[in-house]
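Below is one structure; the comments refer to it alone.
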Amino acid sequence: MTAQIIKGKEVAQEIRTALKEEVSGLKENGLVPGLAVIIVGENPASLSYVRAKHKACGEIGIYSEIIEKDASITEEDLLSEIDALNENPDIHGILVQLPLPKHINEKAVINKISALKDVDGFHPVNVGNMLIGDDCYLPCTPDGIIELIKRSGEDISGKHAVVVGRSNIVGKPVAMLLLQENATVTVAHSRTKNMREITKQADILVAAVGKPNLIGAEDIKPGAIVIDVGVNRLESGKLAGDVDFESVKEVASYITPVPGGVGPMTITMLLRNTVEAAKKISK
Ligand code: GUN
């Protein structure tokens, strides 16, 4: 069997086109969705993510600001900056790019963002609402993953989903969202024993570890849906996922490529959350 490729880039484009139309309608009614992105320091990967977010906003008509702060900024000053954005009526979504410098408490920063403007879905209020299945901003990468699986046309309900990785940004929330969709969910991680025995049971496998080509064909149940969240830069400069795409695509039924799979969906879900935030806040 050769897997069907889940083309995240195309799905993302479809959603962005629909969002662009929606934003244009909102603008006719005087509402311009606004996103503020704060970046602290000069981490090159973070800078490139932040620029990509800014560009994507511009393309669909969302107003966006990048607020660049020196790595030496104090936690207090960063919190005041967030306070000002919480009060700013032109800004509906606030995102602080992670990671932050060591001297700044990430939790304090996330907690400071108004839950109503937390388009990253990282604030404990949103995390809690997600856990109990209430209305909230969902974290962008997990939300994008669910969207991709649904749009493949496959049912999630009743399937055994195995998530490899337990980060707060991807592993834990995607496990919760899969559960909400009625999957039977296993979370595997670095301390898991007999990893292969577990991944081989997966009807849906989500790999979110950050180790290039960790998952090979021998780890996969034939016909599984394989979602690769890994973005690993190889010494050659090429990007690799956590899944060995070439071998796994011969065993899986669906697979996401890297790049062009989950990645483009993350920013798209951020755009969607920002539009939702504008509508909610202006009500
Ligand atoms: N760093 C890596 N991924 C993310 C993300 O989705 N949001 C933020 N704020 N920082 C990140």
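Backbone N, Cα and C atoms are what each Cβ position is placed from, and that goes for glycine too.
TrEMBL: automatically predicted annotations, no manual curation.
Annotated features in TrEMBL:
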- GLY165, ARG166, SER167, VAL231: NADP(+) binding site (BINDING)
- 6-120: domain 'Tetrahydrofolate dehydrogenase/cyclohydrolase catalytic' (DOMAIN)
- 139-280: domain 'Tetrahydrofolate dehydrogenase/cyclohydrolase NAD(P)-binding' (DOMAIN)
Residue distribution over DSSP helix, strand and coil in the domain 'Tetrahydrofolate dehydrogenase/cyclohydrolase catalytic' (6-120): 61 helix, 18 strand, 36 coil
In the chain carrying GLY165 (NADP(+) binding site), residues 6 or more apart in sequence that have Cβ under 8 angstroms from it: GLY171, ALA188, HIS189, VAL206, ALA207, ALA208, VAL209, GLY210, VAL229
For the domain 'Tetrahydrofolate dehydrogenase/cyclohydrolase NAD(P)-binding' (139-280), the number of residues DSSP places in helix, strand and coil: 52 helix, 26 strand, 64 coil
Residues near SER167 (NADP(+) binding site) in space but at least six apart in sequence (CB under 8 A): ALA208
